[in-house]
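Colleague: One structure is given below, represented as structure tokens, and several questions about it will come after.
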Amino acid sequence: MILLPSTNTALLKERIFWLLSICVVIQLLLLWIQNLDHSVDKSTMTVETESSNVDDSNQEAEPVQLLDDEANKNLPVKKKTTCCTGLKMFLAALSFSYFSKALSGIIMKSSITQIERRFDLPTSTVGFIDGSFEMGNLLVIAFVSYFGAKLHRPKVIAVGCFTMALGSLLTAMPHFFMGYYKYETASHTAPSANLTSSINPCSLRQDVNKTLLETSKSDCEKEPSSYMWIYILLGNMLRGIGETPITPLGISYLDDFAKEEDVPVYVACLHTIGMFGPMFGFLLGSLCAKLYVDVGFVDLGSITITPQDSRWVGAWWLGFLIGGVISFLAAIPFCFLPKSLKKPGEANHDKTSSSLLENTGAIRKTLTPAEPKPMKWSTMMKDFYTSLKKILSNRMYFTFLCCSLLQFSSFIGFLTYKPKYMEQQYGQSTSKSNFLIGLTSLPPVGIGIFLGGLIMKKYKMGIIGATKFAFSMSFVSYVLTLLHFFVGCENHVVAGITVSYDGKPIPYHENAMFSDCNSDCKCATNVWDPVCGDNGLTYISACLAGCTTSVGHGKSMVFHNCSCLKASSSWSGNNSVTLGQCPKSDDCSKKFIYYTVIQVISGFCYALGGTPAYMIMFRCVQPELKALAVGLYTLIMRTLAGIPAPVYFGALIDKTCLKWGSRSCGQRGACRLYDSNAYRYVYLGLSALLRGLSYLLAILFFTFIKKHFQNKNSRPTENGGKEDVPMNKDDNCKSKENLAGSPDAENESCI
């Protein structure tokens, strides 16, 4: 067994917080340095252009027509190329890496509930583990973006994929060191009994409460599983570090060495193939959740729980092993790709142009631009502060940033606990929840993103039109999601928790686990081993149901002579109970269908406006500040949404727990039963609140956009006086570059 030393969880979280704070400051500095390099390169290009113009003015007019004629005559014949060119190989490898990173990310999302139960963690701690991916990404994203472009980009991506594989394998490792999973139960047979012996739950474990209460907290900390979840946190963080270089370095590599008109097609291919990652991730998570955690090592016939049971833990580790192998395979092609490629026709063009210029004696003399002087740190920090202030004082950018932050927080919290919500609200198993999400929710989203792009292209939407369309579709989706409040199910009918033993509702959190029917049994109240009575009531255990005999073994065990069923005034049938909770009503099954339909339609509408929203994201910032704007956006989303959202969503969900499980040492484990009504209002209400506030900011954002562009486009010299310009043209931003020295260029920015 591998044991971790006793660690204070709060102290661990505090140290991670300070580490992340330092990384945020370093990232801001690196983002500004990257932005400074962009500005220096731009000024160098300006000097070269001016010097060539001066030289042109002192020379006679060149025989342009002669050069064109000679070029047409001497153009080399293009050779046929095979489909296995370097660029196409890179595109194929990058597409597979997109698939692998999306697959691994969704495997973590689909395993949240399994990890919570296996390690007996509260939901807030599981949310903290899930946010560790963003922490790892945040640690290195600025370093990778700045220094990665100066290195061998394919090999850097290969290192990232290998790191993702290592992180996935590290996440699965605790399973192999923790021993077999021992779920809590009160219906074990006596040590001397054989498999067919009848047991008396009412008298089997008379002293169980005393035994559990005498167990100290230090004994719990000595258990191998106490802090094993830290390995999952570290593995997820390592996976976040490895994922970092794939997108920035991969896209920049394509942009550098592909034809300009082919880059959008290649990017579309990447995102299309990447969409299959989440789909297969949820389907794989569904398969793993259906298998028992110790499958192949224990006798499944002796297991008394089913996948619908809140104590069931699937083979969560198997998904991470598969994800790690796929990430490892994704890394291999990048090891054999070159550092740089030549654009198609680039070499031939250079040779032809050089020979023609030499023959005509028209080789130009260009002035060597002066090398920029090194800047002092004080000057750099002052310029950084100025750039940051200029970005944040941009009303449109800042409003959009706040709006996106609220939307992203709502989305992350909703997606993280969506499988858990389907389990607790509608009584679905983890396996079925993951399967339905992968099969019904993701395909409409992919179709919506694709159709959104087609609609933009067909109607040639300008920035104002795109803003209207994106806002309208998002708001329609928001209104549809509000219908979820009306298709929820009632609480599980559990005697002693949600209803009395007579079947009458009882106040929230009222302790009524004991009744006259089970007062002689002296049962354990902190053990969750539910049984379903023939009267439709769920009892916390067979002991608390007052049962005295049993028949069968494993999942087929049945308890008889249950006194609490006899006490039920509305029941006159058999006094027997079976293992497991009673299923939800038929009415709840119908509501689950309505819930699924609403999810499909709302997801499609939201995705339909996703492409326009992406296009207007940073449509107008000053060109020299665009890199800083993009980096700041990513930094804010990850720091203030990606990391904390799962934690505070999970903390609020914990507040709705009605029955906590117990660990083998007697301490509190994972939650076994939630208040369905409170869970629905907290989970959906928090998500709706965040999105609702974002639409108030969206209205303000649209006001700024409309005022800015209508005032700007009303000038007769710009865009012909048109009110709106198609977004596939960069006339607005290009005009900013041409007027970089004018006062308007500093005050105006496009989003």
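Heads up, the Cβ atoms here are built off N, Cα and C, so glycines get one too.
Okay, these came from TrEMBL:
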- 16-33: transmembrane segment (TRANSMEM)
- 89-108: transmembrane segment (TRANSMEM)
- 90-710: domain 'Major facilitator superfamily (MFS) profile' (DOMAIN)
- 128-149: transmembrane segment (TRANSMEM)
- 156-177: transmembrane segment (TRANSMEM)
- 263-293: transmembrane segment (TRANSMEM)
- 313-337: transmembrane segment (TRANSMEM)
- 396-415: transmembrane segment (TRANSMEM)
- 435-456: transmembrane segment (TRANSMEM)
- 468-487: transmembrane segment (TRANSMEM)
- 511-566: domain 'Kazal-like' (DOMAIN)
- 592-615: transmembrane segment (TRANSMEM)
- 627-649: transmembrane segment (TRANSMEM)
- 682-705: transmembrane segment (TRANSMEM)
- 713-751: region 'Disordered' (REGION)
Colleague: Could you give the residue numbers and ranges of same-chain residues that sit at least 6 residues beyond the transmembrane segment (313-337) on either side and whose C-beta is under 8 angstroms from one of its C-beta atoms?
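Modeller: Tertiary neighbours of the transmembrane segment (313-337) are 86, 89-90, 92-93, 96-97, 99-101, 103-104, 107-108, 110-111, 114-115, 117-118, 154-155, 157-162, 164-169, 171-172, 174-176, 181, 183, 235, 242, 281, 284-285, 288-293, 295, 307, 430-431.
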Colleague: With a Cβ cut-off under 8 Å, give me the same-chain residues at least six positions beyond the ends of the transmembrane segment (682-705) that come close to it.
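Modeller: Residues 395-396, 399-400, 402-404, 406-407, 409-410, 413-414, 417, 421, 463-464, 467-468, 471, 474-475, 478, 481-482, 484-485, 616, 649, 652-653, 655-656, 751.
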Colleague: Check the transmembrane segment (89-108) against each of 156-177, 263-293, 468-487, 592-615, 627-649 and return whichever range has the most CB pairs under 8 Å.
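Modeller: The stretch I would name here is 263-293.
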Colleague: Test the contact criterion for the transmembrane segment (396-415) and the transmembrane segment (592-615): 3 or more CB pairs under 8 Å, pairs 6 or more apart in sequence, then answer yes or no.
Modeller: no
Colleague: Count the residues of the domain 'Kazal-like' (511-566) that DSSP assigns to helix (H, G, I), to strand (E, B) and to coil, and report the three numbers in that order.
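Modeller: Helix, strand, coil within the domain 'Kazal-like' (511-566): 7 helix, 11 strand, 38 coil.
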Colleague: Please give the average pLDDT for the domain 'Kazal-like' (511-566) in this predicted model.
Modeller: 83
Colleague: Counting a contact as 3 or more Cβ pairs under 8 Å, with residues at least 6 apart in sequence, do the transmembrane segment (592-615) and the transmembrane segment (627-649) touch?
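Modeller: Output no: the transmembrane segment (592-615) is apart from the transmembrane segment (627-649).
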